[in-house]
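Below is one structure; the comments refer to it alone.
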Amino acid sequence: MLENLQIIQELHEDYLRSGVDIVTTSSYQATVQGLENYGLSEKEALDTIALTVELAKNARQNFWQSLADDEKKNRVNPLIAGDVGPYAAYLADGSEYIVDYQLSKEAFKDFHRSRIQTLLAAGSDFIAIETIPNMAEATALVELLADEFPDTEGYMSFTTQDSQKISDGTPMTEVAKLCNSSKQILAFGINCSRPAIISDLLKASRTISQKPLVTYPNSGEIYDGATQTWKSLPDNSHTLCENSQVWHKLGAKTIGGCCRTRPEDIKLLTDKLK
């Protein structure tokens, strides 16, 4: 992000050509605190976060202008999702999976507030609160939106290590109740997790809420949060495209890919589902 902006914009454009309807800003790990640790001032950090939105908007504009009029009729003008990653992403130690942190509710709000403000001011269409591993942080974010960003909408997605609970051990049904209670959380679900465990989580969610569900898993390889490495045995039982067709029937309306998936995977997905 700080070294080669062009690569980020080009990657956005690659995914747009693959058929995506949502472009997520590259702000998952871009936080004021993290960028200050890198040597930036607070203003420079906020400007960098805003720049992630500009890169996505530029990519969208370039892509849309490249389409012929008849092609535009068959495409949704893509939306920009301002990416809000968890506190764990700032720690950069795999805590999205091992949940080795605890903050007060107000500390969570303080951590997320300025990034959300900046992403919205820069022109994000909505926010994507993703890879959330624990209920405490999710609750703080729902309250922050309600109290300070009442006109903002978005989706919230969680990490999980098994087919019943998110990463901190909270049952998926309890997570679904939280998301269902918020008018601003339009959809919720699972990302950055193994494909093999997602169907059961969607089924559990559907017993609580009729909101649209979200799924964008990893490639199937297992991420070891302690060593920050990928285990070499992928889940080859089904492709992303095959799994996504099942998840769509279970209520998933926002579908994609997370870690170690590529534009080619998304192209196969959009060709099949659209």
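Glycine is no exception: its Cβ is also placed from the backbone N, Cα and C atoms.
What you see is a predicted model, and the numbers here were worked out from it, not measured in a lab.
According to TrEMBL, the feature Zn(2+) binding site maps to Cys192, Cys258, Cys259. For 1-273, the entry in TrEMBL reads domain 'Hcy-binding'.
Taking each of the binding-site residues Cys192, Cys258, Cys259 in turn and counting other Cβ atoms within 10 Å of its Cβ gives the largest count for Cys192. The DSSP secondary structure for Cys258 (Zn(2+) binding site) is coil. According to DSSP, Cys192 (Zn(2+) binding site) sits in a coil region rather than a helix or strand. A mean pLDDT of 92 is what the model gives for the domain 'Hcy-binding' (1-273).
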